[in-house]
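Okay, structure first, notes after.
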Amino acid sequence: MLKIAIGQFNFLVGSIEANTQKILDVIKEAKQAKADLLVFPELALCGYPPEDLLLREDFKQQIKNALKIIQAQANGISILLGHPDYTEQGIYNAASLMANKKIVTTYHKQCLPNYGVFDERRYFKPGNSLGLIKIKDISIGILICEDLWHPGPILSAKHAGAELIICINASPFDETKAQERISALQINIAQTNLPVLYVHGVSGQDDLVFDGGSLAFDSQGTLTAHAGFFTEKLWLVDFKPTEHAFISQALPADQSVEALIYQALVLAVRDYVDKNHFPGVLLGLSGGIDSALVLAIAVDALGKDRVHAVTLPSRFTSELSLQIASKLAETLAVQLTTLSIEASFCAFLTTLNLDPQQPPAGITTENIQARCRAVLLMALSNQSGDLLLNASNKSELAVGYATLYGDMAGGFAVIKDVPKMMVYKLAHYRNSITPVFPKELLARAPSAELASDQRDEDSLPPYSELDPILALYVEQDKSVADIVAAGFKKEMVERIIKLVDRSEYKRRQIAVGPRTTTRAFGRERRYPISSGFFPD
């Protein structure tokens, strides 16, 4: 029997000293549990992704010093640790086995992802040798994340005599990733008949979320143990080599996509706020669904005492919006401040030689209101030090239905990668736990309330039609012809695509926020702002 401890923990990028101390604490706990082997996730020592920190000489030296400290504790237990390995040939994404107070062997990741959110080839050289270790006479093949998404590395381990595969990972969350991981693992297991232990961490790192969910599969591809999503823990599994399987554990209940996305957003907010040392957060509460959802996420992430909601009514704000905002704040027990923008709105109109009592209809008048709100919210942020949360959703940002330096203001865009229809689904999910959002909010038509009787659908197609078109164009790169063939009207498709293409300059200026779909704007979808490819 081989007892394996998995350190499914939250490691902060660049915080090598703190990460080292956490690793030492986990080693102590694993020893007390009488584990034979303790495994940490990919690049646990420095956090993932370290980006250009890897290129710093002082970062390199801290890594080397930390490895010496950790290996000194590898007595009475073997430790498999993910870390950068600095060699004369270059930097490698590595996993080192430590035992008897020394590094026994180091495996270098062979398959370096360079797509989507990944650019590992910018920093790392690919490994070219097998990772095979032996613990208690059991041969174990070592892989790192992307290695397991390709057949070569696991087949090489099989041919070299591996009886078990341990794969350490830093695999960013998206709405499909949990099932994709299981499918990829089962495909590889079917080819090799090798049991697999999939080790993962838990953290929010700027625009990426790592959801935990470490897994154990037997040689037939059956899931026998699951560490659970979004929870830090020292997870213990027992491997029986004679049965080529882990001893089965009770599996956690299946979770809906909405449940996973909501937890990812909560973790993203908590880690961004805490890791950047903000005392709390504030946000503008409009009485609409987007800011309401962000408020609930913030309270669930940080607690009510660290969240400050602000309503900023104008002459166009409905009484219903104010009632909903007040009810939300009361339900979630957060501080609510009301600051009218009417005086500042009138002052701007007067400065522009426009009649404050009868300003001209149009985008100038509408956007002044949004920017008045942003000025006041940022002033409150400056006074308190709290982080201003942005509540723009993916659908609005995709088509540019947002105001630069207005409702796009903020330091963290919580739902920037959440389409509008998913916003509603997340609200219903949250209500299924404890009621937060009143039925009046869930039933009302979306509106920016920057003009009389304004509705989003005055400017945009219904979100039930807009979101599927955006998913095809933004996330799958489908052409107009492809999208029309999927059943959408050509005129509508062309209009939406034109809005998306013309709004790249706006999206570049939105704050960082968590990725939840299979392709987010930002580092994952990189289009030029100035381009002659798209028609005017």
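Cβ from N, Cα, C; glycine included.
In the three-state DSSP scheme, E42 (active site, proton acceptor) falls into the coil class. As annotated by TrEMBL, active site, proton acceptor applies to E42.
Per TrEMBL, the feature active site, nucleophile maps to C145. Taking a C-beta cut-off of under 8 Å and a sequence gap of six or more, C145 (active site, nucleophile) has these contacts in its own chain: E42, K109, P113, C167, I168, N169, A170, S171.
Using a 10 Å Cβ-Cβ cutoff, K177 (L-glutamine binding site) registers 18 neighbours. Positions annotated as L-glutamine binding site by TrEMBL: Y115, S171, K177.
L285 (ATP binding site) has a Cβ environment of 27 other Cβ atoms inside 10 Å. Taken from TrEMBL, the feature ATP binding site applies to G284, L285, S286, G287, G288, I289, D290, S291.
Annotated deamido-NAD(+) binding site per TrEMBL: N367, E396, K506, in sequence order. Long-range Cβ neighbours of N367 (deamido-NAD(+) binding site) (same chain, at least 6 residues apart, Cβ-Cβ under 8 Å): T403, G406, L450.
Taken from TrEMBL, the feature domain 'CN hydrolase' covers 2-241. If you average pLDDT over the domain 'CN hydrolase' (2-241) in this model, you get 97.
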Message: Can you give me the residues near the recorded ATP site, meaning same chain, not G284, L285, S286, G287, G288, I289, D290, S291 themselves, Cβ no more than 8 Å from the center of the site's Cβ atoms?
response: A292, V294, L295, S321, A325, A391
Query: At the Cα level, what's the spacing in Å between K506 (deamido-NAD(+) binding site) and G287 (ATP binding site), rounded?
result: 24
Field: Env. residues of L-glutamine site, Cβ within 8 Å of mean position of Y115, S171, K177 Cβ
entry: P113, G116, V117, F118, P172, D174, E180
Query: When the Cα of I289 (ATP binding site) is compared with the Cα of each of the binding-site residues Y115, K177, E396, which one is closest?
result: E396
Field: Chain-mates of N367, E396, K506 with C-beta within 8 Å of site centroid, deamido-NAD(+)
entry: S392, L397, G400, Y401, A402, T403, L404, G406, D407, M408, S503
- line: G284 (ATP binding site) -> DSSP, reduced to three states, gives strand
Nearest of the binding-site residues (Y115, K177, E396) to S286 (ATP binding site) - Cα to Cα: E396
